[in-house]
Amino acid sequence: MGRTLAEKVWDDHVVRRAEGEPDLLYIDLHLLHEVTSPQAFDGLRLSGRTVRRTDLTIATEDHNTPTLDIDKPIADPVSRTQLETLRKNCAEFGVRLHPLGDVEQGVVHVVGPQLGLTQPGTTVVCGDSHTSTHGAFGALAFGIGTSQVEHVLATQTLPMAPFRTMAVTVDGELPDGVSAKDLILAVIARIGTGGGQGHVIEYRGSAVEKLSMEARMTVCNMSIEAGARAGMIAPDETTFAYLKDRPHAPEGADWDAAVAYWRTLRTDEDAVFDREVRIDASELSPFVTWGTNPGQGAPLGASVPDPASFDDAGERLAAEKALEYMGLTAGTPLREVAVDTVFVGSCTNGRIEDLRNAAAVVEGRQVADGVRMLVVPGSVRVALQAVEEGLDKVFTAAGAEWRHAGCSMCLGMNPDQLAPGERSASTSNRNFEGRQGKGGRTHLVSPQVAAATAVLGHLASPADLSDVRTPVEA
Amino acid sequence: MEAFTTHTGRAVPLRRGNVDTDQIIPAHWLKKVTRNGFEDGLFEAWRKDPQFVLNQPERQGATVLVAGPDFGTGSSREHAVWALQNYGFATVLSSRFADIFRGNSLKNGLLTVVLPQDVIEALWKLTEADPTAEITVDLVAREVRAEGVTASFELDDNARWRLLEGLDDISLTLRHEEEIAAYEAERPSYKPRTVEV
């Protein structure tokens, strides 16, 4: 019987297979950041171990880093200590680090791909659940915990429990104004936050094949929000073109050999998935979340649902609690929900294409009174590219704040946070209670919806604001 | 890792599904660089509510958490496991755990037990009606026992053996160092390297 893409990559990394034991897999690339690594390095130190393959390991600073005044000492002493600990550990163990201020610094899942380190058919791990992002290249990429970070540092391998396979097939054309973010939010709403549990999802179908690499990364990034262990997309010409000439892409004969191998990384015709989900792209529309988990979402044109409409008792209770936390009333059209803050950025939507999409909407328009809009590039390289294209000026002219690269308002670990009761439209990945700051309320949206929402002050899509653009003076 | 064989203790019934790791331990606690001292961060936001189950006097000293489905979703933070252990929990029962959380828990000797939702419901009713009711989680027999409830659970032999013995995964893997080296010798030259070439 044929094999799926995920099974092929898995099989190519089995170091040891023995009856009654999990497979021991080789790890091609290990990404580190400051939050989940300190206790792992401590473990190495305590047991007198070293990093087995520093040449397959790379670190960056992202979660704690401020996005303003980055040339000044970090105000929060605990954040500062964590960053200093990473610097000390990387120096001691010989790991390459891109610290705050470095040109290659940024969100770990933006940095790996842009350096060309994330390649098809590789295994990629990081102490971060959004490692699933890298599956966009046809890599098998898992988020891991700190004990596993230590295990990979010491052995460059991981014992991994077997997985099940799921195909999410998206055929048809995405309508204008509907993005990869809307697609993945719709998938999560369909299968639920636990629907992918134990599975590696392969996204396939004509609509997926047409996506750019940035858009594929957005899709794979949020696989974890459906509970999946990983998300993958088969590599193709789009993948190869993105990788060619990147700093760590193979060169010369190695490039040819690599591409020849990468072309084999497709699910066989006769392979069978454990579960299949089909989605018609043409039926999708801009999608937003109304609740406190990423599965609680609806089309922008819908209203806040009535908890009584859920058949399942657990879902009903969850919806009741979510509406209470979110300060929403059932039946309110989602377009009438007013926000205080708009955040464009994160490992989900902090890439150059995301910034271009948001900028195209706010260009010649103004952020609504009383709304603050933060635009945070996913990496310094993304920021530099955006500046070269003049996007920073588009944002600041509209009244948005142009910030330094980092995780920023995706999670409450750095100064960029919501105040209690504040409401955001956010291009990030999690709308959990308190995720963006204690008491903060999050609506997950695409960059296009975020930008339109900033202009109108309530949840909106670009189609809602065709008449409010100020022509640029000749 | 501490070994886990069998544990008996009072329970905290947590009637919530989709308890994500941001609720178990909020992000601002993740700045610590140690594995201990997370107990006060456990369910920090919910504990501000005096009615929250963890705040009830009769739940003090309870060591078995009985939670709704999809426990531990979201972030990979192992701090969530440390926070539960630092607080005093030895085991968590749920009908479904998020994969990364489950892996993290078993690597730290926090036994996560998957039980059918009707068994969880029975344990909720029992321990809500009688806070002194004890639950036994027996890894040797792969069985959960409480008054009126006996339920077997699955855990693969390898994970069970590592927990029963309290074994260190890294030492186990390093027994196969020769196989790792042999694999490395065969890796293609086009594979990425992080160092400047």
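Keep in mind that glycine also has a Cβ here, set from the backbone N, Cα and C atoms.
Where the annotation comes from TrEMBL, it is an automatic prediction and has not been curated.
Annotated [4Fe-4S] cluster-binding residues in TrEMBL are A:CYS407, A:CYS410, and among A:CYS220, A:CYS347 the one listed with them is A:CYS347. Around the Cβ of A:CYS410 ([4Fe-4S] cluster binding site), a 10 Å sphere holds 30 further Cβ atoms from the protein chains shown.
Same-chain neighbours of the region 'Disordered' (A:418-442): 130, 181, 221-222, 225, 288-289, 291-294, 296, 325-327, 337-350, 354, 358, 409-412, 449-450, 453-454, 459, counting only residues six or more beyond its ends whose CB sits under 8 Å from a CB of the stretch. Counting residues per DSSP class in helix, strand and coil order gives 0 helix, 6 strand, 19 coil for the region 'Disordered' (A:418-442).
Taking all protein chains in view, 31 other C-beta atoms sit within 10 angstroms of the C-beta of A:CYS407 ([4Fe-4S] cluster binding site).
When other Cβ atoms within 10 Å of the Cβ of A:CYS347 ([4Fe-4S] cluster binding site) are tallied across all protein chains shown, the result is 28. Highlighted in sequence order, A:ASP62, A:HIS63, A:VAL107, A:HIS109, A:HIS130, A:GLY345, A:SER346, A:THR348, A:GLY350, A:GLY378, A:GLY406, A:SER408, A:LEU411, A:SER428, A:ASN429 have their Cβ within 8 Å of the centre of the Cβ atoms of A:CYS347, A:CYS407, A:CYS410, the residues recorded for [4Fe-4S] cluster, and are not part of that set.
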